[in-house]
Amino acid sequence: MERLVQGGIGTRNIRLEIGGRYAYEGIPWWVGGAKRVGTAKKPTATKHAFKLDCEYVKKNNPGCGRRRGRGVGVALKAAIAEPKAPIPTTYDDPMLANYVPVYVMLPLGVVTNDNVLEDREGLEQQLKELHAAGVDGVMVDVWWGIVESKGPQEYDWSAYRDLFQLVQHSKLKLQAIMSFHQCGGNVGDSVSIPIPKWVLEIGVSDPDIFYTNPNGIRNKECLSIGVDNRPLFHGRTAIQMYSDYMKSFRENMEDFLESELMIDVEVGLGPAGELRYPSYSRNLGWVFPGIGEFQCYDKYLKADFKEAATKAGHPEWDLPDNAGESNDTPESTEFFRSNGTYTTEKGKFFLTWYSNKLLIHGDEILDEANKAFLGCKLKLAAKVAGIHWWYKTESHAAELTSGYYNLKDRDGYRPIARMLSRHDALFNFTCLEMRNSEQRPDARSGAQELVQQVLSGGWMEKLEVAGENALARYDRAAYDQILLNARPNGVNKKGPPKLRMYGVTYLRLSHELMEKTNFDIFKTFVRKMHADQDYCPEPEKYNHYMYPMVRSKAKIPVEALLEATKPVKPYTWHRETDMSVGGVGGVLADILAIILCIFKQRRNQD
């Protein structure tokens, strides 16, 4: 879903080498297993691996045919991989080591509410054009509200199978989003896709399954964290519903998984698929740059907080009642103003509880996703929102209401990265295209500093980091900013760059993007993301190796996660990219495009 986002610890010295390059080093004390710190050179000799044995699965899970709805456990067996011909390393082609793959988000309504592939012929032509432009793959929302719309565990994947076949025939890779949220009601939402009707019906008798603000207003974009482990949905908990959905996806898409069409599965963890609270919702009256509202006033989260406060020796503490309303400024509230409640013992306790609930929520769902896709050659991914407004204030109010407890003296993002590290998940961040100079002065935005902080934290936690633009842009300035963030220290003509994003997903495929002038600039952007190299169909050549997914490492104690809140100096960024889309003739056009973009953004905010 498009959003208005205007708007380790102690280790043992163990080092594992494969093919002459290190693959693992160090063992976090809470894990007892190796922590990945680099990318190994792909072995060319015969090796042992794990492979999905489909016949074994079906034999031991009666009734698990492809079109059946219920998810099943997946069995793995040891297998001997066939030796493959050696693939030239990027050291034989040094510039290829700087290659960053580019994916393009498909339209939100590419599969309709009626579970039909929209405009197959038109989409097929667009996919062919993307492939010809050197694009590596596409991303698509796999909507819960479409697939499981008819009733509990009644799944219909037919339209998505048609779509995946089309993507495969177009010789593109696929990023699939498990979209457990509503589409509609926010900027850029061109269609309306609610969560399943039968889930909404449960909310009629128990509205506390939804996130709730201090005034009792419910947000039906997604289910509240408070019901993650409550069996309120025909005997299932929210997490069990998400788990069953992912298991069914694996079962019904097993042929696409085996063909390695999919490179990653992004797990929806909140509104817009992001790991956050729905603190700002245009559908409920939020206008940029409002601070948003805390979303923990349903009866389940209220009871959880009261229990936590009582255990901490403060049964008298309640949830905040002085944090203002959605469109307030920080200084207009008692909670967020200078030396406000957020700086007190009570305020710190609440913010720690609020943000920790988000960490636990993401960790538990990703653990289920890991079980569902065990043995598949793909990576899990999780998206974090770019809440850049009010970043340059003391309280970072908009981040706090979203669940990111980030202050000058406290890092709110590195604990998320550390949590993701146990699942070897991609850290996907937004607003890569934004420059501070493009934002409204009164919003006190720090988009560039925020991206630098978050990406640096991910890399410091030894994660692969990916990203997206937040708003549709077609100008060179936006593309250059994405390029800068993709390789913050530029290319290295002798091998891998110092810093490199794992991939960038462009928002989004549209008729406007495919217009000749816009598409010509976009093709240049793709070329520059590839470090001026031709499209490479073999990810191993730019050091992207896909291995069968193994079980997530042991759960990291919250205390260990919170050690990552200690601020660290981010990596340095160049001022400008050394792979600019450029073009003197396009400067005036870019200035006009930026002015039009700002005008559109402000019009949307009014």
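Cβ from N, Cα, C; glycine included.
These numbers come from a predicted model, not from an experiment.
If you look up TrEMBL, you'll see Asp141, His181, Asp189, Lys383, His388, Thr430, Asn469, Ala470, Arg508 marked as substrate binding site.
For Glu274, the entry in TrEMBL reads active site, proton donor. A sphere of 10 angstroms centred on the C-beta of Glu274 (active site, proton donor) encloses 26 other C-beta atoms.
Feature annotation from TrEMBL assigns region 'Disordered' to 313-334. With DSSP classes pooled into helix, strand and coil, the tally for the region 'Disordered' (313-334) is 3 helix, 0 strand, 19 coil.
Beyond the ends of the compositional bias 'Polar residues' (324-334), by six or more residues, the same chain brings 213, 279-280, 284-287, 290-293, 340-341, 390, 393-395, 397 to within a C-beta distance below 8 angstroms of the stretch. If you look up TrEMBL, you'll see 324-334 marked as compositional bias 'Polar residues'.
Within the same chain, the residues at least 6 positions away from Glu468 (active site, proton acceptor) whose Cβ sits under 8 Å from its Cβ are Met105, Lys383, Asn428, Phe429, Thr430, Leu432, Val504, Thr505, Tyr506, Leu507, listed in sequence order. As annotated by TrEMBL, active site, proton acceptor applies to Glu468.
Per TrEMBL, the feature transmembrane segment maps to 579-599.
Sorted by the number of other CB atoms within 10 A, the binding-site residues His388, Arg508 start with Arg508, the lowest. The Cβ neighbour count for Asp141 (substrate binding site), using a 10 Å radius over every protein chain in view, is 24. Glu274 (active site, proton donor) and Asn469 (substrate binding site) have their C-alpha atoms 14 Å apart, to the nearest angstrom.
Neighbour density for Asn469 (substrate binding site): within 10 A of its CB lie 25 other CB atoms from the protein chains shown.
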